[in-house]
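Novice: Encoded as structure tokens, here's the structure I'll be asking about.
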Amino acid sequence: MAYFSLAFGTATKNRDNKIIEAFFPNPLLNPSDALVAAVGEVAGYTEGNQAIEISAAQSAELAKAFAANDDAANASFAEKAAASEQPLVLVVLAADEKPASVAEGFLKLQLISNRLVQPHGTVLDGIFGLLHNIAWTNEGPIDLPELAERQIEARLAGRALSVDCVDKFPKMVDYVVPTGIRIADTSRVRLGAHVGEGTTVMHEGFINFNAGTTGVSMVEGRISAGVVVGNGSDIGGGASIMGTLSGGGTMVISIGENCLLGANAGLGFPMGDRCTVESGLYVTAGTKVRMLDKEGNEVEIIKARDLAGVSDLLFRRNSITGQIECLANKSAVELNSELHSNN
């Protein structure tokens with residue numbers, strides 16, 4: 001059968017012996033039946049989606065199973081893990097279904113950040129309710145109800161416990177740093193972000209989970225959850241893209257290739273390729289837009305959502321009338337035909 005994913009890694013547990021996070025150095029997408037059978041025999045996996053805790057002795061056996069199936073990276077990790085006292089976990093996902101455990105949720109986020117799947121490429125339903133609210137510290141993740149006691153213990157031992165953030169999602173770079181990227185402030189990119197090769201995220205840029213870029217982009221604004229930005233598109237300083245968690249509803253907001261969202265601009269509908277939104281202009285899905293042809297003549301007034309996916313558009317605000325205008329490099333007849341073909 002075709003399995004969705006398999007991963008072996010370390011975990012962190014709270015004082016109730018529950019896994020609160022998991023790190024998988026070499027997650028696999030669509031592992032072979034032979035590999036699943038080999039590791040399943042060691043771990044006691046039978047069927048379905050399972051997160052199985054692994055002992056040090058089992059880890060040594062897993063190393064042999066990975067090596068026998070030509071997975072040198074996981075074999076090397078399993079061999080080292082056999083000498084570790086950290087909790088170990090094996091996750092096998094037979095199907096891409098909503099995560100049922102913390103380990104499954106962390107695996108799915110890491111599949112996206114490892115570029116093995118695109119945003120929206122795996123089911124993440126219910127992940128908010130599944131994950132713990134965690135203090136991410138210089139001594140590792142700490143379940144929030146345990147933080148105060150851990151801070152006291154650290155102080156009495158002469159240590160300073162520094163809390164970087166309190167969140168369900170850690171920063172991506174603590175789990176994976178994809179090739180060919182730059183991130184000026186690593187706290188601005190959450191685990192589960194998809195950062196395309198060639199992308200630069202500047203200090204005020206932000207990428208949420210299940211969102212990101214597919215290729216070369218300059219990100220100086222906010223890419224909200226669920227948003228995908230195409231190759232060659234830039235997000236200007238302070239710009240904002242409305243996500244499904246922040247007012248965008250169920251519509252998936254995306255930006256096509258070679259677009260520019262100007263500084264302090266905003267977008268609330270899917271945009272096609274080679275489009276520009278001028279600086280300071282926020283265009284929501286319900287915004288009334290005055291359509292102009294290449295001669296500058298008004299064709300009609302429509303809502304921005306009716307332009308979803310249309311390419312080669314320039315959005316601007318008329319500084320005299322205050323109206324939002326959209327210029328297209330097309331004649332009135334061509335433009336009118338294209339607009340109504342999208343209805």
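Using the three backbone atoms N, Cα and C, a Cβ is placed for every residue, glycine included.
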Novice: Quick one: which of ALA211, ALA263, ALA328 does TrEMBL put in the succinyl-CoA site with ARG222, GLY237, SER240, GLU278, SER279, GLY286, LYS303, ARG316, ARG317, ASN318, SER319?
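Specialist: The one candidate that TrEMBL places in that succinyl-CoA site: ALA263.
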Novice: Going by C-alpha distance, which of the binding-site residues ARG222, SER240, ARG316 is nearest to GLU204 (Mg(2+) binding site)?
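Specialist: When the Cα distances are compared, ARG222 comes out closest.
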Novice: Going by DSSP, is GLU278 (succinyl-CoA binding site) sitting in a helix, a strand, or coil?
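Specialist: It is coil.
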Novice: How many Å lie between the Cα of SER240 (succinyl-CoA binding site) and the Cα of GLU220 (active site, acyl-anhydride intermediate)?
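Specialist: With distance taken Cα to Cα, GLU220 (active site, acyl-anhydride intermediate) is 10 Å from SER240 (succinyl-CoA binding site).
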Novice: Using a 10 Å radius around each Cβ and all protein chains in view, which of these binding-site residues has the most neighbours: GLU204, GLU278?
Specialist: GLU278
Novice: Name, in the order they occur in the sequence, the residues of the same chain whose CB lies under 8 A from the CB of GLU220 (active site, acyl-anhydride intermediate) and which sit 6 or more residues away.
Specialist: MET202, GLU204, GLY205, ASP234, ILE235, GLY236, GLY237, GLY238, ALA239, ALA263
Novice: I'd like to know which of the binding-site residues ARG222, ARG316 has the most other Cβ atoms within 10 Å of its Cβ.
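Specialist: Highest number of other Cβ atoms within 10 Å: ARG222.
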Novice: Sequence gap of 6 or more, Cβ distance under 8 Å: name the residues on the same chain that satisfy this around ASN318 (succinyl-CoA binding site), in order along the sequence.
Specialist: ARG290, ILE324, GLU325
